[in-house]
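S.K.: Have a look at the structure that comes next, please.
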Amino acid sequence: MHTRHRTRHRNMEVTLTFNRENLDRIKAVGESFGPTGKSLVKPGRILMGEGRLLKQSPRNKKPQTKIFFLFNDVIVYGSILLHGRWYKKQKIIPLETIKLEDIGDTDSVKNQWLIRTSRKSFFVAASSPEEKRMWMDQIEECRATLLQQGLSATNEYAVSWMPDSASDICLICEVKFTATNRRHHCRMCGILVCHKCCKDKAVIEHISATKKQKVCCHCYNKKQEDVARSRGNSEEDELAESSDEEEEELDDSLLYQSPSSWLDTRMGIYAGIGAYMTMHSVKT
């Protein structure tokens, strides 16, 4: 009886200690984004892991190193400042709105995958196959838990934009891009087009129910046909987050200097790759 009481008391102390330390970590992450960042403190929120990933931006030929924090309900990421001590451009994505797609290696980018949401879709890459496996596994596990708790998954996802480097000409009229004839992305299909070929706008419901988005002439015409067909059959927030991003250059060697750290839920501590892979092999 006394042994059971001591064990229960010890477990309560461990839980209280973990909750206190977890809260301190979450506060520190929120504060690291400075005054422009939103507070990340929320009842029941747990910091599951953190690390650096390469993120492909349509406006940059080179992927940019970003800091990513995975919580049990959201992903938070931003740009790195001051050698990783401070961050900016905080982005928060609810996990139930995410869909992951594994992407094979190319000559220029390895260990990459696609993160899709209703408002934005983008490519990220890890420094090793093990890091990639960690991130994808942890995101999927946290997302599955949220859906089991009754949250609804997103059914429609934003397209991934073609990088600017993919084409020197408009993919509709084939006019060459110049300093004055700039590239634009169709919010509906993601291709590169000139201003003349994307002067129309249309509502894309899963991005915004009211705000019209920039679309190419092909998608606009198809949208109009769908609306007309729908009417015939019945007989009767702001711009998407996936806006063009101009981002600063950062030394991508930072990606390889600090591997991700992950929460070992059995021990209530954070550890690196080796501990995670051991824990994962035990679970599977």
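The first residue you see is number 1, and the count goes up from there.
Heads up, the Cβ atoms here are built off N, Cα and C, so glycines get one too.
TrEMBL annotations: computationally assigned, not manually curated.
Just lifted these from TrEMBL, have a look:
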{"type": "COMPBIAS", "residues": "235-251", "note": "compositional bias 'Acidic residues'"}
{"type": "DOMAIN", "residues": "46-144", "note": "domain 'PH'"}
{"type": "DOMAIN", "residues": "164-224", "note": "domain 'FYVE-type'"}
{"type": "REGION", "residues": "230-251", "note": "region 'Disordered'"}
{"type": "TRANSMEM", "residues": "67-87", "note": "transmembrane segment"}
S.K.: Looking only at the domain 'FYVE-type' (164-224), what is the model's average confidence as pLDDT?
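M.R.: The average pLDDT of the model in the domain 'FYVE-type' (164-224) works out to 86.
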S.K.: Treating G and I as helix alongside H, and B as strand alongside E, what does DSSP give for the domain 'FYVE-type' (164-224) in helix, strand and coil?
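M.R.: Each residue of the domain 'FYVE-type' (164-224) counted once, the result is 14 helix, 14 strand, 33 coil.
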